[in-house]
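What follows is a short report on a single structure.
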Amino acid sequence: MKLEDNTTHHDNPRLIHINDPKKTCDNSQFSGNEIRTSKYTLLNFLPKNLFIQFHRVAYLYFLAIAALNQLPPLAVFGRTVSLFPLLFVLTVTAVKDGYEDWRRHRSDRNENNREALVLQSDEFRPKRWKMIQAGEVLKISSDEAIPCDMVLLGTSDPSGIAYLQTMNLDGESNLKTRYARQETNKLFLEGTMISGIITCEQPNRNIYEFMANMELNGHCLPLSQSNIILRGCQLKNTEWVVGVVVYAGQDTKAMLNSAMSPSKRSRLETYMNRETFWLSVFLLIMCLVVGLGMGLWLNRHKSQLDTLPYYRKVYFQKGKDGKKYKYYGIPMETFFSFLSSIIVFQIMIPISLYITMELVRLGQSYFMIGDRHMYDSVSNSRFQCRSLNINEDLGQIRYILSDKTGTLTENKMEFKKASIWGKSYGDSKAGGSREIDAGVEEAMVSVRKWKLKSEITPDPELIKLSYKDLHGEERIAAYDFFLTLAACNTVIPILTGSPSISGSSLRDGHTSIEYQGESPDEQALVAAASTYGYTLFERTSGHIVIDANGDKLRLDVLGLHEFDSVRKRMSVVIRFPNGSVKVLVKGADTSMFSILKKDLPCDDRMRHVTQVHLNDYSSEGLRTLVVAARGLNGELLEEWQQMYEDACTSLVDRVVKLRQAAALIECNLTLLGATAIEDRLQEGVPEAIESLRQAGIKVWVLTGDKQETAISIGLSCRLLTADMHQIVINGNSEHECRKLLCDAKAKYHVNSASCFDDITNLKRKTELNFLEMASQKKSSNMSPQITGEEDRPTFGPLALIIDGNSLLFNLATLCMVVLCCRVAPLQKAGIVDMIKSRTDDLTLAIGDGANDVSMIQMADVGVGICGQEGRQAVMASDFAMGQFRFLKRLLLVHGHWNYQRLGYLILYNFYRNAVFVLMLFWYILCTAFSTTSALTDWSSVFYSVIYTSVPTVVVGILDKDLSHKTLLKYPKLYEAGHRQESYNMSLFWITMVDTLWQSLVLFYVPLFTYRESTIDIWSMGSLWTIAVVILVNVHLAMDIQRWVFVTHAAIWGSIVVTYGCMMVLDSIPVFPNYGTIYHLVKSPVYWITILLITVIGLLPRFIFKVCHQIFWPSDIQIAREAEILRKRRPFFGSNADQDSS
């Protein structure tokens, strides 16, 4: 049998015995239908969660610190106190993870306990989903969810059709159609039980492909993706369906595709690790100083050790000898001192910074989601933050790589023009309809029986051609042209108020018809065919029915070759009622012109005229397709049928075999014409692109459209402007592309290796087809001999593929704008990867369709558009929005704010912890290098967790250096992120110098003011604790740009809370600092000391800021001062100026 022939070479196919789950599952260990999306169980939660958390190296560092503090010689802090910071962080994260997993458990439990009707003892009975097995036959009713992957055996529709909503699976809202084989559907409708064997491929995650065969009554029936319904889908507009389970539970395609998107880390967090390394170096140096100092001190006083506390060999207790003191010797005491100092200085590496950053990002996301300016009323979609760890990257984007269709355009296709048999239609004005003669007007009555959801204004000349009783080649071409538009697709017609159908004509009636399809292009073409009299109103797996100018035309579908990225065309083989067979083909011009017949001179003339029309359409920004057909008969038809049947029943290389079968008939075609569809720009796209370019962001558009279409769209959306130099790389061969690229580099003075060397190194895998490169003219001082109008221009590259070559990339880096044409989805990802691997710049990819997913996931920041092509791009993205124009606000406003806030937040946290550690360091240097502390254990722990944490979070969420209107009005302010003005190494070192000064002031001012007093060390520690909290909070207050009530409450409230905590701690009798705060506050010296510390500590910083803002103001500072002036003197400015504040 053919089945055996086609499967013998397949590796371990899966055998499903229909309605025999015992036999199916006995032979193989198939997965049950119980699903589990949770990470943890009660038994493994603690170890597994801790294992995941300790992937952060900083946590391991603090675990080591806590472990060291448990050793008796190193117990600087209380053993419980030393564990508190780490335990707090681990507990908070564990609670969050546990809650999220509990919700997953609850969802899994609800899902597994749902019920479905399963065939048992010749009748359908309810059964829980988790008990369903492969091989069982299920019945699903309308609006019910599909519990597992099933091959359709029958439906309530006599034609075997079923409608599915796949939104939960692929995000697409339009209905999909699936078919039961007529052989099985007929048996079910007759009430006959089915038994057979399905041989299918092993479980895989490809939701768009399925290869299997069904052995039924000695016949081998091919099964494809159109015969399977997947878990997660929902049955719509179909009363019931019956199917057999082939994949269950974890084997279903939905579960295999449930993996999360690749995690991304922000650039700022990467830089933070660099500074953390330097802080570690500082920590090591301080610990070495303490350890070596201890060793030298012990060596100097070794003769006195027996008389010194902590070093005498025996403790004295009540005049008697007590327990012996374990003295380890100078080398070991030095080593222990080094380890103890690590424990004391541990917060130099800020563990609280990780939680602070997470909280700040969460708050920033809340305000981004709630921004009413990024709400799309058309799609009723709000802005979405799907990733919380890269908010700040939005403020440093250098490259935007955008899809065109559905991202820059609306993806609402409208048929505009057509070229039929060498004549262009669609240029006539609406007024021309008066020229339609009475005969045509009468013939048009039939089409009015069909009411489309979206009406199209017909072209009068095309109406005449479609309805007039013409003869000859032109009439035949027009007939086949519209027939191809109506038949060569996968669109499903949905009728309401359908008239009765009898004979060869349709009775009078009124029918509303809506077309559901996976492609807006196909829907537009089918709607256009209906407008001109060729209405598709019925489709099954074996035939379609078309109302052709009032006559019912039933066409048998012998085979369908769907569009693929290799062939770039689609074809359908149909048999007419008179027995004749034709193949109808539509596709891209690059793939179609090479397969047209060239027998006669008129063929060449027709091809040339159509090509001219295509160029004209493309230059207007219209999307084009070429339409062709040919008759099939005799041996060619039989040969194709044999190849097609073998390919459909093959489990090995089915796609390749189908492509070979298509190539057999997709040749020597007769050119019928071409179509032109308009995809209008979204609202606000030109203004958004202009602002992004002014912000110093390079915009690259990656599209599958042809060159002329891309140029036209580029001009209309202001991607290309009149003052730009354009260079076109339009090569059809590798050699030609190399030569054009070399010439472009030579003409525009691109400095790199020799052109010959670059060509030699060009990757063979690079596929350059049509490339449009354009860039903005910019003056340059790199070549002094080029001046005036001859200033060196910059340019942008185009269709770069996965392994982009250096020759093309050198040209690309000089451009502000790039148009890449004829780009495949993987090529889009390749271009993003090239930029990321060759530059340090951040990339943002934005798209709306499944073909943009790889690009979105590859980029540093991925943005999905909630568009017409489903929600795959949204589900794979980091951020999602309804319109491209919102990208302007997302980057220029929220991106700027987020970067400025997080940059300052990190530096402030480094400063806040370092000033505290350095203060302890100076104290240790004055106490014989011992690691004793004047501060209580709890004060040291609470410092970064309670005393100073809240203000940093509030400022990180709410502070704004500029208003949103100012940032939108002056896009160049965004370049502050490119220059890394908020976070860089220079700022880090300046911060560290300032920290060093403030720590010296903190330590020595109290020593000076209390130099002649008898104050005890715990009182001094209490003073240092409150002084450092006040100092860092006033430091923070100096840098706040936007004061609101919450900010005031956080800054000054944290000082009040610190006093409150200290009063509580000082009221506990067992603590050594008992009552110190109550004595200190009574002394004026105490308050004067705090004032002196604050003023002297912050004075250099204040002077530096004043001088810098007066003599070297930044763009941000100038814009801020302008805002302040407008607020104070609004009558000097315009209303717009007032609003900008």
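Yeah, the Cβs are placed from backbone N, Cα and C, and that goes for glycine too.
Look at TrEMBL and you will find 16-81 tagged as domain 'P-type ATPase N-terminal'.
Summarising the annotation, TrEMBL assigns transmembrane segment to 50-68 (among others).
For 277-298 (among others), the entry in TrEMBL reads transmembrane segment.
Residues or ranges marked as transmembrane segment by TrEMBL: 335-355 (among others). A Cβ distance under 8 Å defines the sequence-distant neighbours of the transmembrane segment (335-355), meaning residues of its chain 6+ beyond its ends; these are 56, 58-59, 61-62, 65, 68-69, 73-74, 76-77, 82, 85-86, 89, 92, 272, 276, 279-280, 282-283, 286-288, 290-291, 294-295, 328, 906, 909-910, 912-914, 916-917, 920-921, 924, 929-931, 933, 940, 943-945, 949.
Taking the Cβ of THR405 (Mg(2+) binding site) as centre and 10 Å as the limit, one finds 26 other Cβ atoms among all the protein chains shown. The Mg(2+) binding site annotation in TrEMBL covers ASP403, THR405, ASP848, ASP852.
Residues or ranges marked as ATP binding site by TrEMBL: ASP403, LYS404, THR405, GLU522, PHE563, LYS586, ARG623, THR703, GLY704, ASP705, ARG822, LYS828, ASN851, ASP852. ASP403 (Mg(2+) binding site) has a Cβ environment of 30 other Cβ atoms inside 10 Å.
According to TrEMBL, the feature domain 'P-type ATPase C-terminal' maps to 874-1114.
The transmembrane segment annotation in TrEMBL covers 914-935 (among others).
Feature annotation from TrEMBL assigns transmembrane segment to 941-962 (among others).
Sequence-distant contacts of the transmembrane segment (983-1005) (same chain, at least 6 residues past either end, Cβ-Cβ under 8 Å): 268, 271, 274-275, 278, 282, 899, 902-904, 906-907, 910-911, 914-915, 918-919, 921-923, 1024, 1027-1028, 1031, 1035, 1089, 1092-1093, 1096-1098, 1100-1101. Marked as transmembrane segment by TrEMBL: 983-1005 (among others).
Long-range Cβ contacts of the transmembrane segment (1017-1036) within its own chain (Cβ-Cβ under 8 Å, at least 6 residues beyond either end) map to 908, 911-912, 915-916, 919, 933-936, 939, 943, 947-948, 951-952, 955, 998, 1002-1003, 1006, 1010, 1051-1052, 1054-1055, 1058-1059, 1062, 1066, 1072-1073, 1076-1077, 1079-1080, 1086, 1089-1090, 1093-1094, 1097-1098, 1101. As annotated by TrEMBL, transmembrane segment applies to 1017-1036 (among others).
As annotated by TrEMBL, transmembrane segment applies to 1043-1065 (among others).
What TrEMBL records for 1085-1104 (among others) is transmembrane segment.
In this model, the domain 'P-type ATPase N-terminal' (16-81) carries an average pLDDT of 78. A straight line from the CA of THR405 (Mg(2+) binding site) to the CA of GLY704 (ATP binding site) spans 9 Å. Between the transmembrane segment (1043-1065) and the stretches 50-68, 277-298, 941-962, 1085-1104, the greatest number of Cβ pairs separated by less than 8 Å involves 941-962. Within the same chain, residues 77, 81, 84-85, 88, 347, 350-352, 356-357, 359-360, 363-364, 367, 896-897, 900-902, 904-905, 908-909, 912-913, 916, 973, 1025, 1028-1029, 1032-1033, 1036, 1040-1042, 1044, 1046-1047, 1050-1051, 1053-1054, 1057-1058, 1061, 1116, 1119-1120, 1123 sit at least 6 positions outside the transmembrane segment (941-962) and bring their C-beta atoms closer than 8 Å to a C-beta of that stretch. Closest by Cα distance to PHE563 (ATP binding site), from the binding-site residues ASP403, ASP848, ASP852, is ASP852. Considering only the binding-site residues ASP403, ASP848, ASP852, the residue whose Cα is spatially closest to the Cα of GLY704 (ATP binding site) is ASP403. Nonlocal intrachain contacts for the transmembrane segment (50-68), taken as residues 6+ away from its ends with a CB within less than 8 angstroms of a stretch CB, comprise 74, 82-83, 85-86, 89-90, 93-94, 97, 276, 339, 342-343, 346, 349, 351, 354. Rounded to a whole number, the C-alpha distance linking ASP848 (Mg(2+) binding site) with ARG822 (ATP binding site) is 17 angstrom. Of all the Cβ atoms in the protein chains shown, 23 others lie within 10 Å of the Cβ of ARG822 (ATP binding site).
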